[in-house]
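Q: Can you read through this structure? Questions will come right after.
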Amino acid sequence: MTPFVAEYIGTAIMILMGGGVVANAVLEKTKGNNSGWIVITTAWAMGVFIGVVVAGPYSGAHLNPAISIGLAVAGTFPWSNVLSYVVAQFLGAATGALMVWMFYKDHFDITENKVSKLGVFCTVPEIRNPFRNFLSEVIGTFVLMLVVFYITKGEAQMLNEKVTIPIGLGSVGAIPVAFTVWVIGLSLGGTTGYAINPARDLAPRFMHTVLPIKDKGDSQWSYSWVPLIGPLLGSTLAAMLYLILLD
């Protein structure tokens, strides 16, 4: 499997699982209707875990443009590969969102709440405050990026000696990433729904715009800069801190 295909499949699986749990929790007459935020954050974390396990051996399982760019800023991932990874991630996210809609179409059709329908695809702030919404995405992605750096570094300082640890963004490395996404959702996701990933928000938001969803309402593109710029800034700041601490 090529890195492009791995990023595409891994991201599609992640969005299918993550968007799927939101649909199950908020759409009418589903088995999981009104199951709540803990269920959503838990399944999102497990969706990340599955996506990373699938893609990890072939691409490093970034599944997120902010991760690809953050690693490139830190010099641990070649800039020449960033564009292909980001394209794969956006295509995968769009595919995952399409599958969620196809799977839950009957429930979309009977759900009247337009914001709930939009929330299956992308993030919607509970209180529209551009500065604090933006800060939420910056801080959440900053935390995620720092964890990724220390997973992929694969070494530790023990008794003044560097020891290599066999861990990376594969099946073992997916565990701390999933837990990080879980705790970010539980702790910091209450304001915006924690995109912490431009592809996770923008590609499904585009699908919400173009799909023939019954009575879907507005896609709120005026908000889309927050889950785009916020995560990119957060990952860049984390990369800069990582480089400082590395010295």
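The backbone N, Cα and C atoms fix where each Cβ goes, and this holds for glycine too.
The annotation transmembrane segment is assigned in TrEMBL to 6-27, 36-55, 86-104, 134-151, 163-184, 225-245.
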Q: In the same chain, who gets a Cβ under 8 Å from the transmembrane segment (225-245) while lying at least 6 residues past its ends?
A: 64-67, 69-71, 73-75, 122-123, 125, 130, 133-146, 149, 192, 195-198, 200-202
Q: Report the listed stretch (6-27, 36-55, 134-151) having the maximum count of Cβ pairs within less than 8 Å of the transmembrane segment (86-104).
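A: Maximum Cβ contact count belongs to 6-27.
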Q: Would you kindly list the residues that approach the transmembrane segment (36-55) from elsewhere in its chain, counting only those six or more residues past its ends and only Cβ-Cβ distances under 8 Å?
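A: Sequence-remote neighbours of the transmembrane segment (36-55) are 6-7, 9-11, 13-18, 20-22, 25, 61, 63, 169-171, 173-175, 177-179, 181-182, 185-186, 189-190.
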